Amino acid sequence: MSKTPWALGLLIFLLTFTSPLSSSPVRSTDNSTSSKGLLNVNSSVILEPSILPSSASKPESLHLSKVRVSGLRLEAHASSTENIVLGHNKKHNVVVVPNKNVRVVLFGQNFQDIGALTFTADGSCKDLAHFFEADFSSMTPIRVVVEMSFPKTTESKDSFKLCVSEKFYANPQFVIVEDPFTMVTTEIPPVDEYMPKWLSWICLLILLCFSGLFSGLNLGLMTLSPYELQLYIASGTEQEKRDAGRILPIRKKGNQLLCTLLIGNVVVNVGVSLLMDQLVGSGFAVLVAATSCIVVFGEIIPQALCVKLGLPIGARTIPITQVLLFLMYPLTWPISKVLDIFLKEELTRSLERNKLVEMLKLSEKSIIGGQSDEFKMVLGALELYDKTVAHAMTRYEDIFMLPHTLTLGAGMVTQILDMGYTRIPIYENDRKNIVALLFVKDLALLDPDDNHNVMKIASIYNHEVRRVLVDMPLRNMLEEFKRGEYHMALVERLVEQEDKDPIYELCGLITLEDIIEEIIQCEIIDETDAVCDNVHRKKRQRKRNHDMSQIVNTAHAKCAINIQMLAVTIQVMSTCHKIFSSNYILPTILEKLIRKNCKKVETTQFSCLKEVGVVQPKPAVLFTKGEFSNKFIMILSGRAVVTIGKEEMRLEAGAWHSFGTEVLDAMAEAIERSLNQSTSRSTVSLNTEITNNSIGFIPDFDTVILYECVFCEITAADLLLAYNSSQIMQNNTKMQVVRSNSRISLIEEIPKDAVSTPIRNGSVKLRTVSEGETVHLLPKNMECHFNKQEKYEEEEE
């Protein structure tokens, strides 16, 4: 009794499993002439498989007992260059090109039990060729490969379904696999359009414009450095100033601006490619069309425009740039900060001097149109840094010098004045042995008929002889001249000697004018130039001067007063202050001093002063309240108006009224102090006091001339000149020649215990070269250049 339920259950299971197979009709062998008959492996009988309709849910698992089909893949032949397999449609069916041979690869299980397979579009499993085991290109239990082609589908037959039959059945039947992943269609689905074509063309044009904008701004804005924009703001035109002012705040966000433009450019270029794929189609045509549009309209044209018009284009697109910076701020700000950390922030670097010089030379023709004077000056000032004294000095062979034995007669003074020099070196025996300097102004009050010796005059004034090395930079020499102590220096070089200490040999002379010539790149004919060009040594072409003997002939010198007024003026001045007495200034020198410094103001010069508020001419202003003055003035005739005090009380000063007696007192005290010093230092100290404005006063009144007036104006320098001239006249026969033993040089003093080669550091020091050292160091004597001139003068006399 216990076995009855189990037997009943087994019977029910067998009936259930075999009932579908027995219910399907068996196809006869009448259709054995079809495309391919079914080959039964276990028997020689050829049977046509019948069709078993599949159910809706997993037919392969319900109706195929052993075979399981998991999916399929379609492949084109390796030799085929055409794209045959087009992918999947929305139904997940594989899309292929119709009537093209493809390889169908099936994946699953128990494929060794497949008896036949085919594809059907109408559900009959007879509309395409059947494939048996012998027709398989490759077969494994999990993989089967067949080669076939699919005809073009119609609207009613839109896809091909897989039909599979198993072996080892008396009545083999096809089972249709309803899985959409195993279905094949030759109907090419329409391309999904993002938008209508007319709207796509409009968007394409807009994206191309933005691509060009990003590309152009990337080149135009990033090449405009903040330094260059500041130059436009400072020195550009009004339009350039406005444009640069708008761009500068945006341009300072260097890395953030760069990231914004690059990201925007990449995004719009990708959008152009997608729209081209929709409008033109896929394949090589899209590649050519997208590349051509991006390169031509997005790169070449905008960058060519922004290279030349970067400033105006960048200024007019600032609103768009600001919007893009705002929209992309969350993305670009972190990237820009990372770039700032690793690459540092963008620095505003100016051009180095050497690069600036080369840039000016390269842009000479294109910008300035040739070497104009302004261009030469700028270039000369920049090149001054690399030049030394040797580049600008006048060689010693071309220097106008005087021998120390020369006698200054009337004819010789005339010749010296005819040369046009104001500072003349004096040499002793050898032209390389310069011992003193003579200023032509020192001869102003001397009588040429007294035949003074040039060395005696130079010893009285004792002008310092400055010496520098030949390799001294011109910029340092210019700084020395700018201090105002001297504007001329001798140039020496170090000469090595065997078994002896090195010596310093004269090789030229440098003046402030020579440095200015190097700056302005133009030759200036000064008192040291015997040649017109220091480089090419071109001789000066002098114009014939007028008769200079009238300068030294005082008998016919013009004066603002007559002889009677001159005599009275001499008498008044000699008694008004001790500085005008014969103890300081000789009467003959005083006469020349008064003649030289008398001035007359005509009434016609004040015809314009009738109007109120007119500025007075310079000759009419004698003293200004609060301004330093170093002159003494005596009214000889006429009247001057003096304004005194806060109330501006006005007084008139008539004839023989004097102003500036403080200058006379200070000068007398300075002379008395100098008498207590050595002869070589007395004149130097007086010159130093006058140069430093130590002799003078600050008036607390204003003095102007409103009417016709004659007055005598004598400065502290005139008083010193008159005093020195008087000393020369008094000691003409007794004076002992004092050579310059205070020749100041920029060469360091060499210690006796030092090595033979002197060592110099960067500091500028002064040293005193004694006469004995000079005579010992300098070479042999040279002939006097003025011997022939003296003989010629003696013959004329």
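Just so you know, glycine gets a Cβ as well, placed from its N, Cα and C.
Taken straight from Swiss-Prot:
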- 461-527: domain 'CBS 2' (DOMAIN)
- ASN31: N-linked glycosylation site (CARBOHYD)
- ASN42: N-linked glycosylation site (CARBOHYD)
- ASN676: N-linked glycosylation site (CARBOHYD)
- ASN692: N-linked glycosylation site (CARBOHYD)
- ASN724: N-linked glycosylation site (CARBOHYD)
- ASN731: N-linked glycosylation site (CARBOHYD)
- ASN761: N-linked glycosylation site (CARBOHYD)
- 1-23: signal peptide (SIGNAL)
- 222-255: topological domain 'Cytoplasmic' (TOPO_DOM)
- 302-322: topological domain 'Cytoplasmic' (TOPO_DOM)
- 201-221: transmembrane segment (TRANSMEM)
- 256-276: transmembrane segment (TRANSMEM)
- 281-301: transmembrane segment (TRANSMEM)
- 323-343: transmembrane segment (TRANSMEM)
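Secondary structure from DSSP puts ASN731 (N-linked glycosylation site) in coil. Here ASN724 (N-linked glycosylation site) is positioned 16 angstrom away from ASN676 (N-linked glycosylation site), judged by their C-alpha atoms. Neighbour counts were taken at the CB atom with a 10 A radius for the glycosylation sites ASN676, ASN731; the maximum falls on ASN731. Within 10 Å of the C-beta atom of ASN724 (N-linked glycosylation site) sit 22 other C-beta atoms, taking all shown protein chains into account. Residue counts of the domain 'CBS 2' (461-527) by helix, strand and coil are 19 helix, 26 strand, 22 coil (DSSP-based). Residue counts for the topological domain 'Cytoplasmic' (222-255) under DSSP (helix as H, G, I; strand as E, B; rest coil) come to 28 helix, 0 strand, 6 coil. In this structure the C-alpha atoms belonging to ASN724 (N-linked glycosylation site) and ASN731 (N-linked glycosylation site) are separated by 11 Å. Under the three-state DSSP scheme, ASN724 (N-linked glycosylation site) falls in the helix class. Nonlocal intrachain contacts for the topological domain 'Cytoplasmic' (302-322), taken as residues 6+ away from its ends with a CB within less than 8 angstroms of a stretch CB, comprise 212-213, 215-217, 219-221, 223-224, 232, 239-240, 242-244, 246-247, 250, 257, 260.
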